[in-house]
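Reading through the C-alpha cells given below for one structure.
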Amino acid sequence: MRFLKTNLTVIMYFVFAMIIEMIAVFSIEKSPFISYPWIGFGLLLIISGVMIGIKSEKAKIITGLVFLIIQSLLCMIMVVLFDMAGQYFDFGMLNLRNDAFGILENIPMNFVMFYTAFFFCTIYVVVNFRRYRRNEYKLFSRKKRMLFGGIVTVVGISLLTVSLYHLNKTRAGKYENLRYSTDNSVYNAYGITGNLVNEFAGGLIFTEKDNLSDSEVEDFIYSEISDASYEYGISKDNNVVVILVESLEWFGFMKNEYLPNALPLTDEQYAELFPNLTMFYNESIVMTDFHSKEKTDISETMSILGSYPTTGYINYDYYEEEIPETIPNILNQFYGDDIKISSFHNGKKEFYNRDKAHISYGFSEFCSSEEMYKMNEQKMKDKNLDKEIMHDYMSEGERNLDSEMIELCKDKMFPKDKRFFTYITSITMHGMYYERENLADNKKKLLAMLGKKSISEEDAILIDYLTTVMDFDKSLGIMMEDLDNKGILDNTTVVLFGDHNCYYQWLSNYVKDIYDYDTSMNYSDLYRVPFMIYDKKVGHRVIDKYTCTSDIAPTIMDLLGIRYFSNLYYGHSVFSKEESVIYSRAYNFFVDDGIVAKSLSRPLYRASDVTDKDWDDFVERGDFLIEKLEYCDQIFTNKFFSRKDNKEKFIAKMKEINDIEP
C-alpha cells in the first residue's frame, strides 16, 4: 500500500500513456495490439524513472501531464495524417511538411482520439491534484528515490537502445520485413510513439549501415538488358509528351460496371461533356488494368525514372545526386542539342522542390506558375491584349486552370522546328472538390445535362470533380489541335496517366462502392486509374494485363527504341509479356490484381478469384521487386552514380547496347 501511495502518480502516467497509445493504434488499425512494444516501453520507463526521482509531488504531477499531452498531440497528428492521406510517418516526411500544408484545404479531426486523450489527461489531473491537496501521498527517502528512479531509468534506456539497435543495425532487416513480416503496419508493430522514435533514430543516428560493394551493385545493374517487345522502336524519332493528370479517374469521363455510382449519363452525354478525352480514349492504346497507389511527387518521378528508393524522398534527399538513368538524361546523352527536354507545372516552383529536382532529372527547363505569370504579362504587352491568357487563381484560393497553361505555353511545350520531350504536370483536378468560381460555366453545363433536382452530398462532390475534368478535357483539345495545326501530331507520342486515385473526400470509394476489404467489388480496383498512349504509328488497341506506374518509363523507352538495363527499373513495357507489381513507397504496401499485402507473407486483401497459383506468382514477382528495391536504395544512399567513373561507365554502356557512337 505504501508503494502504491508513493508512486500512484507515476503508475497512472504509465498506464494512461499505454492506453492512449493503444487507442491511437486502434483508431488507425482497428486493433490495439502492438507486437514489438519495447521501444515505447523503454521510453515510458525512462520518463517514469525521471518522475520517481523528482521530490516535489506537484512537479511530478506536472511532468507526467506534460508528457501525456505531448504523447496525445503526437498520436493525434499521426492519426490525422493517416485519416487525411492514408500514410504512416517516416523520417523523410519532415521534408514534405511545407508541401503538405501548402496544398491542404482542410484537416480531418479524429474525435475518438481527441476525447480519449482529453478524458485520460483530465482523470490524471483530477485524481492526482486531489491527492496532492489532501496530502494523500507518501514520499520515499531521497536515497530510495534516487536508487529506484535510477534503476527504472537505466532499465528504460537499456530496453530502448537495445531495441533500436536490433531494428537498425543491419540494412537487410527492412527487406526481410517486406518478405516475411506478419504485422499489419508499423503501428501494429511498434506503436505510434515507438515508430516515431525508431524513424528519428534511423534518420539521425543509425545512418551508417553495411553497404553493398560497388562491384555487387555493378553486377546487378548490368546483368540484365531489356528485351525488345513487338512495338520496340516503332516511334523511334517521335516527339514525346507525358502528361501526369492529377487525380484522373475513369469515372471522370465514362461509366461502366466497375463504377456503379458514376453519374447516370449516357455515353453520348459523356462524349458531349468530354469530347477530347473520349476521342483520345477511342484512338489510343488503353491500359484498362493500370493501377497507381502513390503520392503525386512519387508517381511523377516513377514515370521519369522508373524506380524510387524506400528511404528518403528524391526531390529533397537526393536531388543533388547524379541520376543518369532517367529518360531525360538518357535522351540528353543520346541526342544532345537535337532535342528540347522541358517540364511544365502550373503550381509554385518550390512545391516538391521541382525547380531543383527536375534539373537533376535532365530537364533543361522547368517552367512553373511564376514563370507563366511573367510570360502572360509579356504576351499581353506584345499582342496588346486586354484579357490575360493565364490568371493567378492560386492567390485567390482556387486552382489554376490547366487549359490556360496549355494555351499560354503551347509554343514552348510543342516547338514545330525541333524534336521535343515535354513533361506536363496538371493541377486543376487536385482535391478538395467544391464549387469553384473559375469553373462555374462547366458546372452550369453539367447540371443542365444531368437535370436532377435533388443531389446527394456525394454526388455534389462528384459533380464538382467532373467540372475540373472538363477543364482538363479542354486542355487536351487545345494541345491536340495545336500539334495537328503544326503538322507534328502524326510524329508525336502522347502519354497520359492518372497519378493516383481520387481519394479526396472518399470520392473514389463512393463511385466504385469500395470502402473496406469486405467488399463485393475488387478492392484493388480502388487504385485502378487511366493510362493511355496516343501514337498514330501504333493506333488503337486495348491492353488488359495488370500494369502500374513503374511500367511507364520502360514503355516509353521501348517505343523510342531504347534498350536499357532492366534491373534499374521496377516495371516492364506494357507491350511485353511480363507483369509488374506495385510496392507503394508512400503507403508501404504491395498491390497486385486482386491483392493488397503488407508483405509477401501478410495479405491485407485477397480477392475470392485469386488462386494459389496467382498468389505464388505475386510472391515471385514481389520477391524480385524487393531485390531491386534493395539495390535502388544502395544506389541513392551510397551516391553510386555521383561518382564520376560510375556515371561515365553507365553512359558508355547505355550507348554500347544502343549502338550509339561514344
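Cβ atoms are placed via backbone N, Cα and C, with glycine included.
According to TrEMBL, the domain 'Sulfatase N-terminal' annotation covers 239-562.
Annotation comment: TrEMBL describes 7-28 (among others) as transmembrane segment.
According to TrEMBL, the feature transmembrane segment maps to 34-54 (among others).
Per TrEMBL, the feature transmembrane segment maps to 66-89 (among others).
Annotated transmembrane segment per TrEMBL: 109-127 (among others), in sequence order.
Residues annotated as transmembrane segment in TrEMBL: 147-167 (among others).
Simply put, out of 7-28, 66-89, 109-127, 147-167, 147-167 has the most Cβ pairs sitting under 8 Å from the transmembrane segment (34-54). Same-chain residues lying 6+ beyond the ends of the transmembrane segment (66-89) with a Cβ under 8 Å from its Cβ atoms: 13, 16-17, 20-21, 24, 27-28, 47, 100, 104, 107-110, 113-114, 117, 120-121, 124, 185-187, 192-193, 195-196, 199, 295, 503, 586-588. The average pLDDT for the domain 'Sulfatase N-terminal' (239-562) in the predicted structure is 96.
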